[in-house]
Amino acid sequence: MNNRVHQGHLARKRFGQNFLNDQFVIDSIVSAINPQKGQAMVEIGPGLAALTEPVGERLDQLTVIELDRDLAARLQTHPFLGPKLTIYQQDAMTFNFGELAAKMGQPLRVFGNLPYNISTPLMFHLFSYTDAIADMHFMLQKEVVNRLVAGPNSKAYGRLSVMAQYYCNVIPVLEVPPSAFTPPPKVDSAVVRLVPHATMPHPVKDVRVLSRITTEAFNQRRKTIRNSLGNLFSVEVLTGMGIDPAMRAENISVAQYCQMANYLAENAPLQES
């Protein structure tokens, strides 16, 4: 028997499809999400409705974004969810979550078992809409969750950690073994909760500058910032901010990256493209 077939649907490798089928895990995730009637609930990648059904049972209305045409069609004819669903057969990477929040008249609560092959770029796409999002709950590769929650001075700490924590409070929820899926992925998974900050703990004047600094620093993470960011900051400027030029990218806190971004935004602002 082909272990990529689940409920009559062949999992597509190009979409990174692995279908959740462990009831205990499903119940735990739904409990963590705690959906309530009247909330603007949005699921990314509902697949075969493992989360859609138990979440939808608690709601009068649920919005789903599904790239796979066959799966979107299955949801349209779902025996009890169909009338509750608003289905966007679209790539979440190009979806405008701000427009949807405006249409629904409230911030979105976004959740999903995300395809692991696009999870990191999708996170960055969602970060650009955090003013339209109340919270997010995602199943991700465990290694990605580790990176999201990592602090300075750890191997997992990187650009994703800094940008996620700049935008959100990041909370790991539970770990999930490969056996909870069909077909089983080759990696462990985990569920994470991301809650956009109501008030930014480390406001920056231009988030594009923060993105640039973290990209340049972590692209050369083994170099000291005296070298990796030498084109942006002199040793004197770094020292003046209380940042040791001999530190590497992984030693610098989110607050310090934001401090550096604000200095650069004031003294060498990016030109509007």
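Backbone N, Cα and C define each Cβ position, glycine as well.
The feature S-adenosyl-L-methionine binding site is assigned by Swiss-Prot to ASN18, LEU20, GLY45, GLU66, ASP91, ASN113.
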(request) Using all protein chains shown, find which of the binding-site residues GLU66, ASP91 scores highest when you count other CB atoms within 10 A of its CB. (result) GLU66
(message) At a 10 Å cut-off from the C-beta of ASN113 (S-adenosyl-L-methionine binding site), count the other C-beta atoms across all protein chains.
(response) 25
(request) Determine, from DSSP, whether ASN18 (S-adenosyl-L-methionine binding site) sits in helix, strand or coil. (result) coil
(request) Please state whether DSSP places GLU66 (S-adenosyl-L-methionine binding site) in a helix, a strand or coil. (result) coil
(message) Let's check the environment of GLY45 (S-adenosyl-L-methionine binding site): how many other CB atoms sit within 10 Å of its CB?
(response) 25
(request) Determine, from DSSP, whether GLY45 (S-adenosyl-L-methionine binding site) sits in helix, strand or coil. (result) coil
(request) Over all pairs in ASN18, LEU20, GLY45, GLU66, ASP91, ASN113, the listed S-adenosyl-L-methionine binding residues, work out the largest Cα-Cα distance in Å. (result) 20
(message) Under 8 Å between C-beta atoms and at least six apart in sequence, can you list the same-chain neighbours of LEU20 (S-adenosyl-L-methionine binding site), or say none if there are none?
(response) ILE26, GLY47, ALA50, LEU51, ASN113, MET139, ALA180, PHE181
